[in-house]
Every structure is written in structure tokens, then in C-alpha cells.
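Worksheet: the structure to be examined is printed underneath.
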Amino acid sequence: MAQRKKIALIGAGQIGGTLALLAGQKELGDVVLVDIMEGVAKGKALDLQETRGVGKWDVDVTGGGTTDYSVIRDADVCIVTAGVPRKPGMSREDLLKVNLDAITKVAHGIKQYAPNAFVIVITNPLDSMVYAMYKVTGFPKNRVVGMAGVLDTARFQYFVGDAAGVSPQDVQAMVLGGHGDDMVPLLRYSSVAGVPLTRLLDKAKLDAIVERTRKGGGEIVALLGTGSAFYAPAASAIAMAESYLRDKKRVLPCSALLEGQYGVKGLFVGVPVVIGAGGVERVLELELNDDERAMLQRSVDSVKKSVAETKL
């Protein structure tokens, strides 16, 4: 019998716990939750194990602490949420100094015990944290990716669907750039079941949707008061992991290393990529007009500034 895949979730907070539940329900593979608070990881793992009977799914969920990364040994996928979440008043950039140390330690653990893993980074500020993961692990560019664009696009899909009175599932959308206030929702490449957005919504509504998408994470932070979004980020990362583990070759907007595409070199920026068994198998380059290129360049400049602060 074929051996089940193994998914390591590093960080057992709100996103980590939701990731574990979704991975279990989809039976993507056995799950190991790892956290600096070992009891939290083990407690959530046990809670999830006790869900299997009623949920009708059969993969194991175990927990462990960050004092012993050997529990992630030979993981096929590592999804990293370690670090602190945004708090009200904090920008993603404020998080950099706090979370860089955590990511560096995690990267060393992954490099030692899961050297062949496909690594998905969720920790913010995303584009600099995924860059740090790439530099510290030394993994090839196709095996390190950041979860940003899938989430940003999902938010855009919901806002469009809500405004147009249609299912978000029928909204085709694309968001480029960094995971921050300078992200670039591409209206020209977005539609509802093939119908251009401009046929369904006026410019004022579309402009408001673009702005709300850019501020989407902050909106939830303000409402929660004690943390940041976790359901949609977890679902977005699971879509990426599933495409890799099941070789689905989905086209997903992710933070990937660019080597000349879109005029960018040596940075992780949100672009459409194909994710399959080879990891990030290719970057799809869209034709941009002058306005879109200018917006993307502003986003890239923000990413460049954030990455420079890592000093890696």
C-alpha cells in the first residue's frame, strides 16, 4: 500500500489549526502540528483526532514542540505560520523585525529534517518572509513559495460577487504584486463567467472594491481586535498544497521568485504560477498596460524595501 503524504504545519495558532482541519478533511496526508507552545500543538492535534470518526476522514494528526524539529522529518509539504499576527495599528512592515527571527529558526529546522519539502510561507510580512525562507534553506526556487495572491484574489472575488449579486465561484480574478497596500488587482483580466466586470459594475464600485481588497486584511484585524484573518488564509494555502500533492497544475497567484519576468529579478512577488508535482513549475507573464506596469512597479518597490530590511 502506498505511504501517505506528510504535511508539517509550523505554527499551531488560528491559521495552523484551521490548516490541520482542512488538510484532514481533504485527506491530503498525515498532519503534524508544531508550535513553540507544545501543549497547544498537542491539544489541537488530539482535538482533531477526535474529529475523525464524526468527520469521516482517516489521516493522523500529531503535535510537537519547536524544541525538536525531528517530528517534521521527511515532510512532503511544510506550511509556515510561525510568528506573531498583526495587531490593530500594526503594518505588515512593523512585523518584520519580530517575525524574521522566527522564520530563520523554522528555516533551519526544515532544512535539516525536511530537505525535499515544498514550503509554503504565510507569515507576514509575506514577501520578505518567503525571501528569508528561500535564502536560509537554500532550497531551489520551485520549492519555496508565499501564500498571498490566492488570498487577495479570493477577497476580490467575494467583494465582486457580493456587489454584482453572483457567486464568488463564478468570478475570475487576478491580483499581482506584493501582499500589502500596493497590491495590484487587474480589472482587465477579471470577469464574471467571461462577462467583463465593467459590464456589471460601474467605475466607482470597482474602484471601491479594489481599495477594499487592498485593505482587506486590515479590515479583519480591526474587527477581530485580537488577531488577524485565519479561515481564508488557511483555505488559500491548502489550495496550493493540494495542487502540489495531487499534481493538479492549477494556475494560482502566489509570491514566487522572479528572474526577469515582469522586469523583476531576485525578488518574491505575487504573480500567476502553475503549481504541480514539480512545485512552482512556471511563471505566467501577463501583458500589462502602462498604468498596470506603474502600479506593479510601486508594489515591487515596497517589496524591495521590505526585503532590504532583512539584511539577507
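Residue 1 is the first one shown; counting continues down the chain.
Note that Cβ sites are derived from N, Cα and C of the backbone, with glycine treated the same way.
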Worksheet item: Hey, Swiss-Prot has NAD(+) bound by GLY11, ALA12, GLY13, GLN14, ILE15, GLY16, ASP35, ILE122, THR123, ASN124. Any idea which of ASN99, ASN142 it lists too?
Response: ASN99
Worksheet item: Reported as an integer number of Å, what is the Cα distance between GLY11 (NAD(+) binding site) and ARG155 (substrate binding site)?
Response: 23
Worksheet item: For ILE122 (NAD(+) binding site), what residues in its own chain, 6 or more apart in sequence, show a Cβ-Cβ distance under 8 Å?
Response: GLY11, ILE15, ILE79, VAL80, THR81, GLY146, MET147, PRO233, ALA237
